[in-house]
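Record features (TrEMBL):
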DOMAIN    10-156  domain 'UBC core'
ACT_SITE  Cys94  active site, glycyl thioester intermediate
REGION    227-269  region 'Disordered'
COMPBIAS  231-242  compositional bias 'Low complexity'
COMPBIAS  243-258  compositional bias 'Basic and acidic residues'
COMPBIAS  259-269  compositional bias 'Basic residues'
Amino acid sequence: MATNENLPPNVIKQLAKELKSLDESPPEGIKVGVNDDDFSIIYADIEGPAGTPYENGVFRMKLVLSRDFPHSPPKGYFLTKIFHPNIATNGEICVNTLKKDWNPSLGLRHVLIVVRCLLIEPFPESALNEQAGKMLLENYEEYARHARLYTGIHAKPKPKFKTGAISESTTALNVEQTNTSTLNADQKNTAPGAALPVISASPSPLAPITVTTRGNGQDQPAVVTPMESGSAAAASAAATTTVRKDGGLTKAQADKKKIDARKKSLKRL
């Protein structure tokens, strides 16, 4: 899964579209692959054009995008050894499109096509490989022999890029960006003082539960009385019955005193 920490989100979005287009409709003789961990490194396999010393060879290269891409051009490197005036021994590519002629509106497709065209028409005047440039100007047959030798030794067909790898990577990237955007939106929509209930720990079965709602910087307590358990309810009923019985006895004793008083009065008469 691509992390793409080296590029800004708007550039990643544009790259994802372009890479998907390159995967679904590749330029002639060019197959593009991606580094699943970092979209700032773009790989491509370039087939040697027919009628050139590079014919029948497959040359792997990479484009390295800086964080300020597309305002600055990518850097191009051949990973496959090649004998060519405009490609240094360390693989660095020298072409005006990636230097003074760079324009932010140019896409990866244009860059890759230009690099393949270098294999058809080298520019010995701006050579990075001086030996190849000099040989091309003075003795083309010797130059072509060296180029074919390098091609036969180093430019053997490479393991093909996984079919649909770019589409899978760009789809996963879009899902990741969508999830991130949704999460950020949810965080923005959540009020800073959102009410969160806090319940006191381990309340007793009959004790009132105090719930404190925190919101707007103030604590607002509320008391919630829980339902009594069966045994507690029975105990309450028994207490009520006892009180009623005690009340009945008190009334009977009062009535008895009144009757005794009346009997005493009758005897006096």
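Any Cβ shown, glycine's included, is placed from N, Cα and C.
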Averaged pLDDT, computed only over the residues in the domain 'UBC core' (10-156): 93
Secondary structure composition of the domain 'UBC core' (10-156) [DSSP: H/G/I, E/B, coil]: 58 helix, 30 strand, 59 coil
